[in-house]
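K.L.:
Supplied in structure tokens, the structure appears directly below.
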Amino acid sequence: MTGHNTHWKLWKFIKVLLFSVIFSIIALLLVATVRTFTLDVGSGLHLGKWENTTTISLQLRTQQRQNLLANFKAAIRIPTVSFTETHVNTSALQEFDGLLRSVFPKVFSSSLVRHEVVGNYSHLFTIAGTDADLEPYMLLAHIDVVPANEADGWDAPPFSAQEINGFIYGRGTIDNKQSVMGILQALEYLLEKGYTPRRTFYIGLGHDEEVNGLHGAVNIVKLLKSRGVKLLYVLDEGLAVLDGVISGLDGPAALIGISEKGQTTVKLSVSTSPGHSSMPPRESSIGILASAVRRLEENPMPRLFGYGPERSTFEHLAHKFGLPLRFIMSNLWLFSPLLSRVLERKPDTNAFVRTTTAVTMFNSGVKINIIPSYAEAYVNFRIHSAQTLQEVLELVQSTISDDRVKIEMVNGFDPLPISSHDEQSFGFQIIKKTVLGMFPQLTVAPGICVGNTDSRHYRDITQDIYRFAPSWFKPGDPQRFHGVNERISIQNYEEIVQFYFQLMQNNDIMNLPPPHSSQHEL
């Protein structure tokens, strides 16, 4: 009888346990399902509740279209290449200075605009507003470009600005002369129409962004700091409009960068005794270093998906995916581990999951029959927002775990702070309003820049740095960035001018609408 009672109690316990598990699973699925069909993180804006400041419209005439296109092409034809921090094309930068002065006469002659050359080749414009109580903002772009070689397979010479099927080809068309010329062209049109801003703003054009901005952006910031300038927000290049680039996403999306990954380059070196190849030692400097590099590649940095801005990106986009992706992305609190394992399979999405490891240089040896005494390698890490530079260096040390390998940091910096992007974030909401006002079909989401810009130098004078330009990228276009056949459509360049024209006026809004004004109506 006792045995029977014991079995009965055990069976009762198992039934209760099974019921609890089943109930928990059903509850989880119910919560996840409800969240899937209700999560829609600020997909649009209710424009009726916004203060209306736009009084000037831009209807481009045929002659204006021809002129703005000619101005842009002239900018592309000037090879403002930055090779290294100490080697830039100074004659091209001087020529570019002359171009700006000739094609934007209102900008350089208006009493509202103060122009200063900084660091010999960079430009700072101060556009005076009528209300000194409004905190100023700043628009950034950069004049310099990376090198380009026609022999790499360009369809047109990289500094020809040649038109092919409605596109302008050339280095700088999407990085970043479309913003340089677009910003100044928009300001030129506004000044021609008698525009006076309510809110003071600045325009900063760096000349060495591609080589860290140490003479351009750094000196612009020093000048502004010396004057006690504090900025409401900064808008620089970074992310773009992605149309068909994100697999499974219904419609195009505008991603506004709210942070950048950190970065460090580490030098690994091994020194041993040299020798002749006829009497090789058990281990060589090359072999020891190769083993260290292999350990770094075979043991990637930990998965951190969901602990940085990428979570907000996926949640903002979730409602534009079909099932089952919508179900998964709407419930990252439940599915982050699963999704991270899927994303890490491809290099372009693995960058969202972790700090990436890239072996970029490996040098050793002077002759085929001499065993070298020295070998060195350089490894670049792009640091996830949830990690620090110090944590990465410690993981490198523990992963290699070989005292014979000397580890030195060449350079590095932590991930950039995450800029605000909620309903009361002035900069983010103004940019979003401008994007949706022009392209109501877009979904706008915050994003993370896996590359770096010189906007990081502005951290001391603003809390919010955003990285976006309305360049449209279709499948294959992201590879043109710093690559072969960089190009922009004529229509898209006109849209960029329109975007900045509208953005400057939208920034004259004094206050954002009350919270919870976001609707799904735009």
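Each residue, glycine too, has its Cβ placed from N, Cα and C.
Residues annotated as active site in Swiss-Prot: D144. Swiss-Prot lists E209 with the feature active site, proton acceptor, giving similarity to another entry as the kind of evidence. According to Swiss-Prot, the Zn(2+) 2 binding site annotation covers H142, D175, D236, on the basis of similarity to another entry. Here Swiss-Prot flags D175, E210, H482 as Zn(2+) 1 binding site, drawing on similarity to another entry. Residues or ranges marked as N-linked glycosylation site in Swiss-Prot (evidence: sequence analysis): N52, N89, N120. Annotated signal peptide per Swiss-Prot: 1-35, in sequence order.
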K.L.:
Of all the recorded positions given, namely D144, D175, E209, D236, which is spatially nearest to N52 (N-linked glycosylation site) at the Cα level?
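P.N.:
Among D144, D175, E209, D236, D236.
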K.L.:
Can you tell me whether DSSP puts H142 (Zn(2+) 2 binding site) in helix, strand or coil?
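P.N.:
In the DSSP reduction, H142 (Zn(2+) 2 binding site) maps to strand.
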K.L.:
Can you tell me which of the recorded positions N120, H142, D236 is spatially closest to H482 (Zn(2+) 1 binding site)? Compare CA atoms only.
P.N.:
H142
K.L.:
With every protein chain in view, how many other Cβ atoms are within 10 Å of the Cβ of N89 (N-linked glycosylation site)?
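P.N.:
The Cβ of N89 (N-linked glycosylation site) has 20 Cβ neighbours within 10 Å.
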K.L.:
DSSP secondary structure for N89 (N-linked glycosylation site), reduced to helix/strand/coil, please.
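P.N.:
Looking at the DSSP assignment, N89 (N-linked glycosylation site) belongs to neither helix nor strand, so coil.
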K.L.:
Applying the rule Cβ within 8 Å of the centroid of the Cβ atoms of H142, D175, D236, what extra residues of the same chain belong around the Zn(2+) 2 site?
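P.N.:
Output for this site, in sequence order: L140, A141, N176, S179, G206, E209, E237, G238, T453, D454.
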K.L.:
Sort the recorded positions N89, N120, E209 by C-alpha distance from H142 (Zn(2+) 2 binding site) and give me just the closest.
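P.N.:
Checking each of N89, N120, E209 against H142 (Zn(2+) 2 binding site), the shortest Cα distance is to E209.
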K.L.:
Relative to the Cβ of E210 (Zn(2+) 1 binding site), which residues of the same chain, six or more apart in sequence, are found under 8 Å away?
P.N.:
S82, H142, D144, V145, V146
K.L.:
Quick one: of the recorded positions D175, E209, D236, which has its CA closest to the CA of N89 (N-linked glycosylation site)?
P.N.:
E209
K.L.:
Measuring CB to CB from N120 (N-linked glycosylation site), give everything in the same chain under 8 Å that is also at least six residues away in sequence.
P.N.:
T90, L93, H207, H215
K.L.:
On the three-state reduction of DSSP, what should I expect for E210 (Zn(2+) 1 binding site)?
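P.N.:
DSSP call for E210 (Zn(2+) 1 binding site): helix.
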K.L.:
In the same chain, which residues outside the set D175, E210, H482 have their CB within 8 A of the centroid of the CB atoms that define the Zn(2+) 1 site?
P.N.:
V145, V146, N176, F481
K.L.:
Report, in whole Å, the straight Cα-to-Cα distance of E209 (active site, proton acceptor) from D236 (Zn(2+) 2 binding site).
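P.N.:
Rounded to a whole number, the Cα-Cα distance is 11 Å.
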K.L.:
What residues, ordered by sequence, lie under 8 A Cβ-to-Cβ from E209 (active site, proton acceptor) and sit at least six positions away in the same chain?
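P.N.:
The answer is S82, H142, D144, N176, G216, A217, T453, D454.
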